[in-house]
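Asks: Next up is a structure, given as structure tokens.
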Amino acid sequence: MAGPSLACCLLGLLALTSACYIQNCPLGGKRAVLDLDVRKCLPCGPGGKGRCFGPSICCGDELGCFVGTAEALRCQEENYLPSPCQSGQKPCGSEGRCAAAGICCNPDGCRFDPACDPEATFSQR
């Protein structure tokens with residue numbers, strides 16, 4: 001009698017765990033869910049047309065980049081938000097993302113990068 005009830009308890013506990021069974025695995029496995037939790041960084045700059053790329057960096061396609069200026073002050077709020085954020089579409093440089101035409105930014109700063117220039121991309125084809 002103890003054997004079947006023990007087996008039922010173990011099966012019940014197994015069903016309640018957060019294991020990734022074949023039928024309910026997310027695409028890319030269990031750890032792929034962590035990548036989906038990235039939100040867009042806070043808007044910043046004139047008219048909120050830019051996005052934060054670091055604690056003192058605000059960039060936008062129409063604006064260019066503001067580094068350490070009043071336009072980038074709002075970006076300091078990102079330090080107090082619990083979830084990670086990501087700005088820019090295309091990865092570039094060392095852990096950076098394209099911030100504006102020809103500019104690649106990471107949380108530490110920005111630099112010119114031809115990979116972020118849409119006109120250069122089309123002219124190379």
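Each Cβ is built from the backbone N, Cα and C atoms, and glycine gets one as well.
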Asks: Taking Cys44 as one end of a disulfide recorded in Swiss-Prot, give the other end from among Cys58, Cys59.
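Replies: Disulfide mapping in Swiss-Prot sends Cys44 to Cys58.
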Asks: In Swiss-Prot, which of these is labelled glycine amide: Gly28, Gly60, Gly64?
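Replies: Per Swiss-Prot, glycine amide applies to Gly28.
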Asks: Could you pull the disulfide partner of Cys92 out of Cys85, Cys104, going by Swiss-Prot?
Replies: Cys104
Asks: Within 10 Å of the Cβ of Cys104 (disulfide bond), how many other Cβ atoms can you find? Include all protein chains, please.
Replies: 27
Asks: Which one is it: of the disulfide-bonded residues Cys52, Cys92, Cys105, which Cβ has the fewest other Cβ atoms within 10 Å in this structure?
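Replies: So among Cys52, Cys92, Cys105, the disulfide-bonded residues given, the one with the fewest Cβ atoms within 10 Å is Cys92.
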Asks: I need the least crowded one of these disulfide-bonded residues (Cys41, Cys75, Cys85, Cys110, Cys116), counting other C-beta atoms within 10 angstroms of each C-beta.
Replies: Cys85
Asks: Using a 10 Å radius around its CB, how many other CB atoms surround Cys98 (disulfide bond)?
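Replies: Taking every protein chain into account, the count is 24.
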Asks: Cys65 (disulfide bond): which of the disulfide-bonded residues Cys41, Cys58, Cys98, Cys105 is the nearest Cα neighbour?
Replies: Cys58
